[in-house]
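A.B. asks: In case it's useful when we look at the structure, here is the feature table from Swiss-Prot:
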type    : residues                                                               : note
BINDING : Asp21, Phe22, Asn23, Arg36, His59, Leu60, Gly61, Arg62, Arg119, Arg159 : substrate binding site
BINDING : Lys214, Gly301, Glu332, Gly359, Gly360, Asp361, Ser362                 : ATP binding site
Amino acid sequence: MAKLIVSDLDLKGKKVLVRVDFNVPIKNGVIGDDNRIVAALPTIKYIIDHGGKAILLSHLGRVKSDADKKELSLRPVAERLSELLEKPVTFVPENEGKEVEEAIDNMKDGDVVVLENTRFQDIDNDFGKRESKNDPKLGEYWASLGDVFVNDAFGTAHRSHASNVGIATAMKKAGKPAAAGYLLEKEIKFLGDAVENPVHPFVTILGGAKVSDKIGVIENLIPKSDHILIGGGMAYTFLAAQGHKIGKSLFEADKVELAKSLLEKAGDKIVLPVDNVAATEFSNDAPHEIVGDDIPDNEMGLDIGPKTVEKFRDILKDAKTVVWNGPMGAFEMPNYAEGTLEVGRALADLKDAVTIIGGGDSTAAAKQLGIAPKISHISTGGGASLNYLEGKELPGIACVSDK
């Protein structure tokens, strides 16, 4: 079912509540990476260009104490947003109460207000985690501040919080619209097409430490993918399931039987490393060597080897749809980053394919290589994109009104 989007709404003179994802890294008041702020700009600009009053809500980090509040204020984000929009942005150091209501009452068409971190509602109250546990009264209060609601936070779409599901539910109950922003719409389009209607050959690339994080994705994508390429720590659980020696490599002993059943179910669709970069310890400075698919007892696999890279490249060169989630090795250490970087290069070389990257390390690799402009879509949601690839319904999308 197609969702209502921000451009379907009449925004002139309307108070537009927007749930954005401004959960950016901040240290000592300095923003380390403003990508998520930049990603929200198309929706914010559309609203203010069409005479709407943009009232922005976001969480930032996990708030467990008053000390966290000092570190996790959205004030630096509001200041950065003002620079990016090249216009004043009002920051309100509260997200409930008289100061909030007065700031909104004083807004003119085209103004932007940022309310304080929604997770400040997770402490110092009788309910408990009002935001994270979706206190309906909080959702109703926030909904009362606006005329329409736009959810543009894909990063929290797999969570049912007061600031997404709570507001949308209260809005719809009051006969007001709840729409998707441009970022949410883009995520639905790219991930939805990949999961539901991919152009073949469709190749899924999965990495990262744990099989347990990706079980649902593998099960959902086995029937849809032509190939599933597996690297990273999770590959060693699969190699162990095939009877290979994995030395001291990271693996999940309790998932070996499951890996066996996934291999049986997938037939030859699952492609595992045929060689590895192995070291005596988990350190960039440790002696390391290239070994086959059996790893010596005193070593651990920390990256895919050059033959595996070639094998993966050979499969990828014909792909028309590629979804990549998770690194091929211990990417944070230069000696074990090459497999991940080579996969990134292979994706960038594809000319007529839809390429989608999700997950922090895969995204970091794309940035390090400078290939982001050559990738069709880089997802802004880690857990949310995994849940989507599993075929799960995401509360933050389900709560948006259908067209």
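Keep in mind that glycine also has a Cβ here, set from the backbone N, Cα and C atoms.
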A.B. asks: Other Cβ atoms within 10 Å is the metric here; tell me which of the binding-site residues Asn23, Ser362 scores highest.
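C.D. replies: The largest 10 Å Cβ neighbour count belongs to Ser362.
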A.B. asks: Whole-number answer please: how many Å between the C-alpha atoms of Arg119 (substrate binding site) and Glu332 (ATP binding site)?
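C.D. replies: Distance between the two Cα atoms comes out at 30 Å.
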A.B. asks: Out of Asn23, His59, Gly61, which of these binding-site residues is nearest Gly360 (ATP binding site) by C-alpha distance?
C.D. replies: Asn23
A.B. asks: Check the binding-site residues Gly61, Gly301, Gly360 for other C-beta atoms within 10 angstroms of each C-beta and report the one with the most.
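C.D. replies: Compared across Gly61, Gly301, Gly360, the most Cβ atoms within 10 Å surround Gly301.
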A.B. asks: Highest CB neighbour count within 10 A among the binding-site residues His59, Arg119, Lys214?
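C.D. replies: Compared across His59, Arg119, Lys214, the most Cβ atoms within 10 Å surround His59.
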A.B. asks: Rounded to an integer, what is the Cα-Cα distance in Å between Gly301 (ATP binding site) and Gly61 (substrate binding site)?
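C.D. replies: A Cα-Cα distance of 33 Å.
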A.B. asks: In Å, rounded, how far does the Cα of Gly61 (substrate binding site) sit from the Cα of Lys214 (ATP binding site)?
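C.D. replies: Checking the Cα atoms of Gly61 (substrate binding site) and Lys214 (ATP binding site) gives a distance of 24 Å.
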A.B. asks: List every residue in the same chain as Gly359 (ATP binding site), at least 6 positions away in sequence, whose Cβ is under 8 Å from its Cβ.
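C.D. replies: In sequence order, the residues whose Cβ lies under 8 Å from that of Gly359 (ATP binding site) (at least 6 apart) are Gly208, Trp324, Asn325, Gly326, Pro327, Ser379, Gly382, Ser385, Leu386.
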A.B. asks: Could you check what DSSP calls Gly301 (ATP binding site) once collapsed to helix, strand or coil?
C.D. replies: strand
A.B. asks: Just to confirm: which same-chain residues, 6+ apart in sequence, have a Cβ under 8 Å from the Cβ of Glu332 (ATP binding site)?
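C.D. replies: In sequence order, Asp361 meet the Cβ cut-off.
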A.B. asks: What kind of secondary structure is Asp361 (ATP binding site) part of, going by DSSP in three states?
C.D. replies: helix
A.B. asks: Which residue, of the binding-site residues Asp21, Asp361, has its CB surrounded by the fewest other CB atoms within 10 A?
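C.D. replies: Counting other Cβ atoms within 10 Å of each of the binding-site residues Asp21, Asp361, the minimum falls on Asp361.
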A.B. asks: Cα of Asn23 (substrate binding site) to Cα of Ser362 (ATP binding site): how many Å, rounded?
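C.D. replies: Asn23 (substrate binding site) and Ser362 (ATP binding site) have their Cα atoms 18 Å apart.
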A.B. asks: In whole Å, note down how far the CA of Lys214 (ATP binding site) lies from the CA of His59 (substrate binding site).
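C.D. replies: If we compare the Cα positions of His59 (substrate binding site) and Lys214 (ATP binding site), the gap is 26 Å.
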